[in-house]
Structure formats: structure tokens, C-alpha cells
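Participant: First, the structure itself, so that you have it in front of you.
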Amino acid sequence: MLILRGAPALSAFRHGKLLEQLSQKVPAVTGLYAEFAHFADVDGELTADQQQVLGRLLKYGPSVPVQEPTGRLFLVVPRLGTISPWASKASDIAHNCGLQSIQRLERGIAYYVAGTLSDADAELIAAELHDRMTQRVLGQLEQAADLFSHAQPKPMTSVDILAGGRDALAKANIDLGLALAEDEIDYLVNAFQGLKRNPNDIELMMFAQANSEHCRHKIFNASWDIDGQAQEKSLFGMIKNTYQMHNEGVLSAYKDNASVIVGNVAGRFFPNPETRQYGAVQEPVHILMKVETHNHPTAIAPFSGASTGSGGEIRDEGATGRGAKPKAGLTGFTVSNLRIPGFEQPWEQAYGKPERIVDALDIMIEGPLGGAAFNNEFGRPALTGYFRTFEQAINTPHGEEVRGYHKPIMLAGGMGNIREDHVQKGEITVGAKLIVLGGPAMLIGLGGGAASSVATGASSADLDFASVQRENPEMERRCQEVIDRCWQLGDENPIAFIHDVGAGGISNAFPELVNDGGRGGRFELRNVPNDEPGMAPHEIWSNESQERYVLAVSAVDFERFKAICERERCPFAVVGEATEEQHLTVSDSHFGNTPVDMPLDVLLGKPPRMHRSVTREAELGDDFDPSELDLDSAVQRVLNHPAVASKSFLITIGDRTITGLVARDQMVGPWQVPVADCAVTATSFDVYTGEAMAMGERTPLALLDAPASGRMAIGETLTNLAASRIEKLSDIKLSANWMSAAGHPGEDARLYDTVKAVGMELCPELGITIPVGKDSMSMKTKWSDEGVEKSVTSPMSLIITGFAPVTDIRKTLTPQLRMDKGETDLILIDLGRGKNRMGASILAQTYGKIAAQAPDVDDAEDLKAFFAVIQGLNADGHLLAYHDRSDGGLVTTVLEMAFAGHCGLDLQLDPLTDSKGEVPAILFNEELGAVIQVRQDATPDVLAQFSAAGLGEECVAVIGKPVNNAEVTISLNGEVLFDDDRRMLQRQWAETSYQIQRLRDNADCADQEFDLLLEEDNPGLSVKLGFDVNDDIAAPYIKKGVRPQVAILREQGVNGQVEMAAAFDRAGFAAIDVHMSDILAGRVDFEAFKGLVACGGFSYGDVLGAGEGWAKSALFNARARDAFQAFFERTDSFALGVCNGCQMMSNLHELIPGTEYWPHFVRNRSEQFEARVAMVEVQKSNSIFLQGMAGSRMPIAIAHGEGHAEFASEEALLEADVSGCVALRYVDNHGKVTEAYPANPNGSPRGITGLTSRDGRVTIMMPHPERVFRAVQNSWRPDEWQEDAALMRMFRNARVWVN
């Protein structure tokens, strides 16, 4: 084993944070130093040249001064006996660089901790420094040799029920954490006594996962009686009623990994499978919809819990029908009180929590980062979501109870697209190959399905921890590329059947696959790719290692499928074959036995149906009279409540522009304020149709009136979706996520009554279907605190997500008040018709109350009329701004509109009341409704349209107007009741987000961004162009019909190739899909290409540095090096590197003439992934892409974690600047070059973010022009832009240059 020291592992900021954390736990700690340590398992000796290559491979990341380490060593390495995802990618890179004798590379972090430390101190320190699920702490570097030795496989065990009977199985149930119900134990004893043999542990584990509440939804399929009355329908039966009543537009419901609804027709853009040239195929582009929860894992390990939650939902979409494409994501979180240190709120009481779960603040620091990181690396934009905190002591008939979310809700959802012919699964032929696609098995996530089906605290802490999976999004991206290549084959798609691997691992996925296809299966356990050879059979079969799919591929299609996987470098294995008989056999060649041998109907047949016998409880509530409240204090409390406050800290960490198909993200207007009501994507690059999604939830309401909370969730979803241009209400389809503390007094009945209200009443009345959903029935946390039994129980929680096809994405409304449209009015539409019910409002919660009367949807007809009128007004161009009313009430609605519009407000409440005592209820009630901005001359017509639809004076009123200063006033009868400065109110609203950002990221950056809100004259984003945006300078060349070829180059983990191809295609190029594996295998060189474009993403998951592994596999592979060098030396060639491609090309500068002063790109100064819209200014340079654009300023999409330009020296920086190599700089909203955050999102010196070679043929940049070449792709754009955006000129310049 070779040991190679690496660079320091912590930036100054991270070092300070960790040192503070350690010294809080162990005061004896006085110092800390950390560096990477690399270990190479080598077969034989490396030559001097090979040692040099290895040395260069392992030099990556920022240049930080190396220290000589002192102090006690804590060497954190991957868990012994496993192969880490880092190792498999780094080893791949080494092999691609010709280092075949390296069997494996591994990496650890060597922490040297100074201070006089006892063994007990060392244990505490070790616990802080590693994740015990996937890592080990060693005391010496040499001990890392154990990483390369493998344990012997463990044998299976059986449970002796033939001799020990039922008791033997009952004991195994506890030991193995199976969570079997009493009647299931009886069922299994009878089944195996019938088979005349003892069950093996692998069979029991498989049965427990497949039949867990998590997988089987027993409560939703149960029979019920309530208060002694038998109920007619199951919960699921009532949900399905919505489909029976209204199934138009639904193509697949209740039977696949996601639901499918009818989409629009468009030119679906992808590479031709034969020629590899990108082009558009006109066809129906149907919409997938899915929303999952990952609550249990997120409570235990928030980053990985939320990350694998998003990953699992993405796989559900990809595994729909015969393969589909995920498109846009959403994330939601509900947790208990945050209690941010130094920013505790008056309503946040400390109640404690069990040791095994993480507190709410840490969940909200780590969980969102996990969800965002997976989406970012996979390449899916995260476009909407919600965040709520709730934890309150409530008086009940049984005494005081704490209600809240110690077991959090972590919601991961999204939408995708699928071809019409692939919506239904195909046929599994007898003898079809049963394949696992994706990553290897590892001992992680064992028993997750069963673990998430019990109340937190009812199983052992070790089993809880073992049930959390770990993530590798770059692997999932490779799998998706394989699925994409398959569906792009159309009729020749080799995938007959596909499922994702989730709860229960392949022990659940393979039986489900063959059973759904009407077949059985014969499997060989040792064919399962396995990075942990010491596992026992049940661990190999049931672990929940992520990023895996199971597929059936017929023998005739297998070779084609195999070739696709090899090109994409995606691991796969044939584990079995389909049989005629519906029997499951798993053999084990290592031990020469058959661990599983059972009829499928024993596993998946009809275990006993659950029956629920429950009683209703009185609804809860308390007295809350807001009439005397001080408005200033009430507004401040409400604006600080996390459900109301800015969600910026959740949003800027998530890429919102990847795919180039995003038409509406969360950030609104020139000041990019996070207040959008819905998310909208374009169907494709050639149309204005699209898809919209939005959410609704009012979970605390369920304590007062559970059915009302369900109706309000649906109502809020619809008032959010009303902002997009949807043909008719019934085009909207809903996903319902149900959470309940089943078994807690009154909760089962509340659940039943809510499902009934939604499924049997409101949805049928609205003409809306719920074709998909998910349930989580163990929303309770129990623990013992110094002998006191404690529990926190969630309210019944229904979270609704709505999806719909959109007729015109240009017509999406936002809350931004327009000050450039003359005199305007603000009109309130109050669907509560003046009832002003305050139940469970944010205002009540901030005073420790929940009030008594719940807002509700009193009449479905009002909701239908509202939706129809808003759509009509939008179509006619009457609406300048729109925002729905929800958390925080009317005052929040109008303030958010003012924040987005950078203006003040003059509100007159006279049309709503003449009593000052009613004002707080008017301002803070959360009845359904919206506020719209219209031109004053249109106001009479708008009011008349509402009145004609049955929404007259008791629900629609003019309540004031925006004003062109920063003053916000609220008046009644001429008396000013509230008067404040918009900037100060916006800082109050932004402070919760700022406080979390300060704890999580570089505090200096957080401070800079927060202080920007005080700037009086911030003009926001703007455009200043030195050219005509509508002038297509490439048109004369396109007319000639000659399309020069450009190589759209990608490496494993790259995810931005399609939009890049679309931009070049539009400019008149033939865009050709080229994978690095094509270059390394000699299938492609660059001779035929005029252009070479390296695209954005996460090549090799950024292992060995961002873009560096990709670059080094080009530099140190002889064939690849020759191809790149020959291309760059041609004078008729051009190249572009964007984001990850920019990082990659900056590391190739030794091959690119005239680039000796280029920097390389390292971690952002904020220490965070930054996804924003930034202003850039084009510099005077020779770049062929930027000719005629010098001096132009425009917004551009940025999304990267490592975009800080690090030059070799001060001299190199100066030289780059004076030699004309700098092509693009960040500027602030005033047009000044800046290093200040967030205008310069990575802190690059002198604002440098784009460079070119001396002759201008090769240009690199961190921002993403390929995501914003159409006007509709921009989060904000000037009104006068039509189809093209400013940055389309870049691509057309390249086309002009070629001729």
C-alpha cells in the first residue's frame, strides 16, 4: 500500500467552525489541522512516470498552505470492508490515465487534534468527526491497509419454527427488527409449516420489507369502523373515487412508480440513436407526477435522509412505464421549533428530544443541503417547495399534549416526461434477463421499509441508524443516461419492464418486477454487484444501497442494452431470468445452497387484511382574541415565523436553471425575491406550452378541524396554480401525501374523515382527480427523559401537490408589483367571504395559541369561479401581478408583493370594515384568496367580471395601491394604523433565512447579502446591449443548409449537454453527442468537428477536483491527449467550456495555445453551492463567441460550488487581465465590476468569470449562457424581449465565425 499526503482538507472558515464544535464538546482541545490522506493498493511497483501521473492526479482543489501536523491523529476512512463511491470513481480515473496496476485508490481525512486528551475525550472527538454508518476512525496511517483486505462472506441462518413454533419467529421478529404484526407472524408460521421447512433469515427479511406498512399501505387498504359504525370504503377506495368520477387526462394511475397525465405536443429534443445528431421529434410529451416522503431517515441523518429521499423519487420517475425522464423537482420540510441560538422566538418553548434524532435546526441546516446536492448533481432543477415549523403544547381531553414534528416531514417530488408508447409496462418474456442497473450492494439502509413503519423510538437506536441509506447521485445520473438512450430508441426500446430499487432493496424490487409481469424468477445471489463481500445473504438481498433499478430485458435485446451501458460507463449485472412458474428461487454459488425457495404468493399473496376500529375525539382549540394586539409587534412576529419568512436559504443552494426548460422558478423580478406561487417548465425548446406544479398544506389546522385542513390544502394548491395559464380547472391533477400518528387517540378518525372530505366530496365537486400519493402512518416520537416519558405527536398532515399542462408559459403571473404601468389598484379576492376565521393561523401560533374556528372551503363553486375568472383576466392581459393569500394572511401577501416590486404600499381597509378591533383579524386571517394588481382604468371591468361569476362585494374589494417610495401604510377611516419602511420589513422577513445561512455558510457572505437589503437605490437586474437582440446574424448561413458539426462533449456525471446542443442547433450547427468513452475507445476523434463544447455538470461527481478528473483522463491517456491536442492546434477549430466544462478546460491549458495565464477554479468563497441570476459585463477580447458584444451587460444563470478563479500568482492575474484574456466579469446592479457577494457569487478576483485564449478560438466561462438563450428561460427579462434572449448572440457569433 502506498500512502500519499494530500492537501489541507478544511478551508479557514470550515476549520474555525469545526474547532469551535470540538472544543465545545471537549474543552481540552486547543488546536486542529486536517489534510487528505490517499492510499493506493498497487499490484507490483509503479514506474517513475506512473508515480508522476499519480502525484498529479492527487493534486487537486484550492492551494492552501500545508502544515507539518502535530497532535493526536484521528484518521477517518471509509468503513473497513467497503469500497467507497469516491474510490470507485478515483480508481476509474486512474485506469483511464493508464495506471492499470493500481487496484484501488482510497481517501481518508487525517485530523490532528492538539490538547491533552483522555481516552474518553478521544471517543467524543471521534464521534464528532465521522459518520459511523459509512466511516471508521483509525489511530495510525498504516492501519489504512485494512481498507484493502476483505472479510469472508457470512452464511445465512434459519429460524426453527418446526421445533420452536410461533415463539421462535416472535423472537426473530425483534432481533432482526422485522416489525411484523401478530397476524403476520401467524401467517408465516402456517405458510412455512405448509412448506414443511424452516424459513431462512433472508426470506423473513424479504417478507418484512415487502409487507411493511411503508410498502403495502396496510392502513390505507384496511377495513374500518368508527364509533362502532362500519365504514363503507377503505381510505384508498375513497381516493380512487376521484379517478372513478373524473379520469379524463389520466394515462396511468395507482399502478406504477409515478402517475402519468396528458401533456402537450412539442419537438422533443434528443440525439438520434443512430447518427448521434441532436434534433427535435414532434410528439405528445406526457407528464409524470410523483411526490415521496423520506421522514424517518431525515430525522436520523438529515443530509443523507433528504438526499436519498430526492434520489428515490427521481428513480420512481425514471422507472415509470418502460423508462421516462425526470424534469423538475420540489422539496418540502415540516419540523418542530428551530430555536436558532441568539434568535429564539417568544413562542418557541424548549421541550427536549430523544438522543437518536437530530434537532429541528440541524435538520434544516443539513436536510435541505442533502436534497439540493442530489438534485444538483443529478441535474434536475428544484423549483418549488414549502417549509413550516410547528411545535406547541395543546390542551386535549386527555390533558396537555405536545404536538409537533420531531419526526419531520421531508417531501421530495417532481414531474417528468414520458413517450406515449412507453406509458404502460411491456411484456416479460420467459427467459428474459433480470438485470440490476446501477451501483453496488453495500451494508446500508438495512430494514428501512420496516423501520420507517414504526413510531420513532419504538425500535433500537442501532437499527434506526442502520436503516438510513447513503447517496451517490453521479451514479444515478449514469443510470438515467442509460434509460434515456433506451426510451430514445422508441419502438426498439430494450426495456420491457423497469422498477426502481427502494425500500427493501432488490428483495422487494425483483419479486415485484416479476410478479407485476406475471412471471417468477430464478436468481444467483453472487451475481449481485457487491462492494462489501463480507455480507450475509440477507444483507446482500435486502440492503437499500441507492441508485439502483431492476429491469427485464429480452434475450434478443440484451446485446444492444449492454452496449448502451458500456458507453455510459454504467454498471449492470444479469442476476436472474424470468420463469413461467410464479416461484422465487435464489441460489448462492458461494455456499452451494438455496437461501430463497418459495411461491411468490406466499411473499406477495394476501397476508391478513388489517381492520381499524377507532373512535372520534372532540376537536381541540383555545380562546384567541387578536383585536387588541399591537400591530407592529404582530407583524414582526409573523414575518419572523419560518412558515412566512423568506425561504432564500433553501433556494439559492439548489440549481434552478439546469435543463434550459425552466420558465418560472421561486425567485421573482429584478430583485430576485423568493415569492413565486408555482413552478413552470417549458414542454421543449420550440414551443410556449409547458407544465406547472404547486403545493398546498395547512397541517396545524387538523388539530381544530381535520377535514378543513384537507380542503384548505387543496384550495391553496389551486390558488397557487392559478398564477399559471391553465386551460381549465379539471386539467389539474393532484398528488396527496398523507401523514398521521396512527393509533394515537382520535388521529385515525381524523385521517378517515379527511380522506372522505377530499376523496368523496371536494375533489368530485371540483372535477379534480388524485391519481398518485403516498402515506406515512407513524408520525410520533417517544422517549424517556430522566425517567419522564415524553412524546411529540404530529397533527394529521395532508400535503397536496398539483400538476397541470400549461397553454402559454409567457403568461405566468408573479407577485412583483409593477411601478411602470401607470396608476394601478390592488384588489383582494376573499374566498372566506369576510368570515376572517383565525384558527391555527401563524399569528395565533406566534402567541402560543391555535384559536378555535378553522378557515375552510365553504363552497367549491366559489373556488371554481375564482379560478375561471383569474384565467380569463390573465388571458386578456388585465393582471399585472398576482399573489395568493396563505400563511401570515393578507399583510404577508401584500408585503411580499411590495418586496418583489421594490415599492411601498398605501392600504385602505375601509371597504372591509369600519371597526378598528376587526383589523388584526382582517390582516392576519388565512382564508383562501388572492391579491391582484390591475390598471385603475381596468378596475371596474375586473370587478364586474368577478361579480358576474358570483363573487360580489362581500368577497372582492379594492384595498389600496402600490406607491413609488419605501413607505408601507395601513389606514382605516383616515387614521394610519401601521406605518413602516419596506426595507426594514423586508429585513425582518429575511432574518430567519439569514440567521440559518450565517450558521451554515461563510458568515461574511451572509452579512453582505443581508446588508444589501438596506440599499436605497438598488436598481435590480437590468439589460444594456450594444446589439439588437432580435437580429439573427447567423440566418444567411443557416439558409445555405450547411450545418458545421460541433461535438457536444460529456463525461460521466455531466448533465448540461441537452440545452447546450439546443443552443448550437438553433444557431445552425449540427450538434453531435460525444461521450469521453467514445474518445478513449477510439470510436470518435475530433477531425470532423469545427467546434468542441465541454458541458456543465459533475464529471466523476467532482472526485479529484471539479473538472480535474475529466481533464486528467484527457491529459494522461495517450489516445485522448493526441485527439485534444490535434484539435486545439487547428486554426479552423473553436471550443467552449461552460461550468464543469470550464473547470475541465482550465486544467487542459497545457494543450491549448495562448492560455498560459488561465486560472483553475476552486470552492466558492461562500463555501456553498450558489445558484443565482448574476449580472455580467462582456469585456473587449478576441473571443469569437463575444464579438460585437463588448460593453454589453445582462443577467445570466449561474450554478456552481467551485467557481472561484484561482490564479497561479498575482503576476498571472495581472497578465491575464492586460493580455485581453478576460472575456466576462461579474458586475453589481449598478454596473460596477465587483468582488462582493452575492453579485459575485464565488468571490473571484476582479469579477473574472470568463476567459479566452489569445486568438479567441477557445473560451471558458463559469456562468451558463446555454440555459438562457430563449427569453422565456430567464427568471427576469425585459418586456420587449420576444423569442430570443441576449445570450443567443454568442452561439450565432460562432456560426458566423465558421464561415
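Yeah, the Cβs are placed from backbone N, Cα and C, and that goes for glycine too.
The region 'Disordered' annotation in Swiss-Prot covers 301-327. Summarising the annotation, Swiss-Prot assigns ATP binding site to 305-316, 384-386, ALA676, SER886. Residues or ranges marked as Mg(2+) binding site by Swiss-Prot: ASP677, GLU716, ASN720, ASP884. The feature domain 'Glutamine amidotransferase type-1' is assigned by Swiss-Prot to 1046-1299, with sequence analysis given as support. As annotated by Swiss-Prot, active site, nucleophile applies to CYS1139, with the evidence given as sequence analysis. Under the heading active site, Swiss-Prot lists HIS1264, GLU1266, citing sequence analysis as support.
Describe the structural context of these features.
Facilitator: Through the fold, the region 'Disordered' (301-327) approaches residues 131, 133, 252, 256-258, 260, 288, 290-294, 358, 362-363, 365-371, 373-375, 378, 380, 410-419, 422-426, 445, 465, 468-471, 473, 476, 479-480, 483-484, 486-487, 493, 495-502, 546-547, 549, 659, 661, 681, 691 of its own chain, all at least 6 residues removed from its boundaries and within a Cβ separation under 8 Å.
Sequence-distant neighbours of GLY311 (ATP binding site) (same chain, 6+ residues apart, CB-CB distance under 8 A): PHE374, PHE378, GLU471, PRO473, GLU476, GLN546, GLU547. A helical conformation is recorded for GLY311 (ATP binding site) in the three-state DSSP classification.
Counting every protein chain shown, the Cβ of ASP884 (Mg(2+) binding site) has 25 other Cβ atoms within 10 Å.
For CYS1139 (active site, nucleophile), the count of additional Cβ atoms within 10 Å of its Cβ stands at 32 [all protein chains shown].
Around HIS1264 (active site), the same-chain residues at least 6 positions away in sequence with a Cβ under 8 Å from its Cβ are THR657, GLY1056, GLY1096, VAL1138, CYS1139, ILE1196, ALA1197, ILE1198, ALA1199. Annotation note: HIS1264 (active site) sits in a strand segment as assigned by DSSP.
The Cβ of GLU1266 (active site) has 29 other Cβ atoms within 10 Å, all protein chains considered.
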Participant: Of GLU716, ASN720, GLU1266, which recorded positions come within 10 Å of ALA676 (ATP binding site), going by C-alpha to C-alpha distance?
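Facilitator: Taking GLU716, ASN720, GLU1266 one by one, the ones whose Cα falls within 10 Å of ALA676 (ATP binding site) are ASN720.
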Participant: Enumerate the residues of the same chain, ASP677, GLU716, ASN720, ASP884 excluded, that satisfy the criterion Cβ within 8 A of the mean position of the Cβ atoms of the recorded Mg(2+) site; list them in sequence order.
Facilitator: CYS678, ALA694, GLY696, THR717, LEU718, THR719, LEU721, ALA722, ALA723, SER886, ALA930
Participant: Relative to the Cα of THR308 (ATP binding site), which of the recorded positions ASP677, ASP884, GLU1266 has the closest Cα?
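Facilitator: Sorting the recorded positions by distance from THR308 (ATP binding site), the top entry is ASP677.
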Participant: Using all protein chains in view, find how many other C-beta atoms are within 10 Å of the C-beta of GLU716 (Mg(2+) binding site).
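Facilitator: Around the Cβ of GLU716 (Mg(2+) binding site), 26 other Cβ atoms lie within 10 Å.
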Participant: Using Cβ-Cβ distances, find the residues under 8 Å from ASP677 (Mg(2+) binding site) that belong to the same chain and are at least 6 apart in sequence, listing them in sequence order.
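Facilitator: The answer is ALA694, THR719, ASN720, LEU721, ALA722, ALA723, LEU813, THR814, PRO815, TYR882, HIS883, ASP884.
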Participant: Please give me the CB contact count at 10 A for ALA676 (ATP binding site), counting all chains in the structure.
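Facilitator: There are 27 of them.
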Participant: How many Å lie between the Cα of THR384 (ATP binding site) and the Cα of GLU716 (Mg(2+) binding site)?
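Facilitator: THR384 (ATP binding site) to GLU716 (Mg(2+) binding site), Cα-Cα distance: 14 Å.
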Participant: Compared by Cα position, which of the binding-site residues GLY305, ILE314, GLU716 is the closest one to GLU1266 (active site)?
Facilitator: ILE314
Participant: In sequence order, what residues of the same chain, 6+ apart, have a Cβ less than 8 Å from the Cβ of ILE314 (ATP binding site)?
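Facilitator: In sequence order, the residues whose Cβ lies under 8 Å from that of ILE314 (ATP binding site) (at least 6 apart) are PRO326, GLY329, PHE374, ASN375, PHE378, ARG380, GLY414, GLU476, GLN480.
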Participant: Let me know the most crowded of the binding-site residues, choosing from THR308, THR384, ASN720 and counting other Cβ atoms within 10 Å.
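Facilitator: Ranked by Cβ atoms within 10 Å, first place goes to THR308.
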